[in-house]
C-alpha cells in the first residue's frame, strides 16, 4: 500500500510540475527548465524504479538477470540526473543572485536546454558504466532473490565524483548565494530610506522574488540530502562488507535497511512537487489553474 501511494503521488506530482511549466508562460524560464528536468528524473523513477521495487517487496516473482540490469541502470540514471540537475540549478541560482545583469546574457534558453541534454547524457553514461563487467568485480547478480551489484572500485569512485563532490559544490554555492542575498537586502533597506522611486522598488521586488525562489530550491536540496545521504553511505560500505547489516540486531537491521533503501530514497521523488506548491506562489497558482 505504501509503495502504491508513493507511486501515484510521484507520477501525478511530477507530471503536474512538467505540465505547469509547459502550459504557464510565466514559468518558462531557464531555472524552471532545470526544475522540469529534475521532475522528469523523479517521474521516470516513479514509472520504472518503483514498480520494480513493489514487485520485489511483494515477493510475487523473482527477477531475471536482464530485469536486474534494467532496474539498476534506471535507478542509476535517475539518481545521477537528480544530483546533476540540482548542481546545475545551484550554479543557475548563483549566477542569478550574484550577477543579475549578466545572467540573461549568459543563461539563455538555448544554453539551459544544452545543459539539460548534457545532464542526461552524463547520467546515461554513468549508469551504463555501473552495469558493465569490471575486472575483479562480481557485478550485477541475484543475491537471495534480490538484484545486487557489487563493484567496489567503480561505486567508490562514482559516489565521490557523482554525489559527494557535487553535494559540496551545491552547499558552497548556496552559502555564497545566501551571503550575497543578505548583502542585497541590506542595500535595499538603505535605498528604501534614501529613495522611493519606482525603479528601485521594482529592483527590490525582483531581489525578493529571486531570494524566495532560491530558498525553495535550497529546501529541495536539503530534502534530497536527507533522503539520499544514508543510502549512499550504506551502499558504499556494503560494497566492502556485503553482510554489514547482518551484524546489527534483527530489529535494527530491518529498520536501517527499510529506512535507507526503501523509505527515504523513494520518498524523495514524491516530495518536490509538494515543496514547490508550498513555497512557490507561481507554481501554486499554475497547479490550481490545472486542477480546478
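Glycine too: its Cβ is placed from the backbone N, Cα and C atoms.
The transmembrane segment annotation in TrEMBL falls on one of the ranges 70-91, 180-201, namely 70-91. Against the transmembrane segment (30-50), the recorded stretches 6-23, 112-134, 154-179, 216-235 differ in Cβ pairs under 8 Å, and the greatest number is found for 6-23. Highest Cβ pair count under 8 Å relative to the transmembrane segment (112-134), across stretches 154-179, 216-235, 255-279: 154-179.
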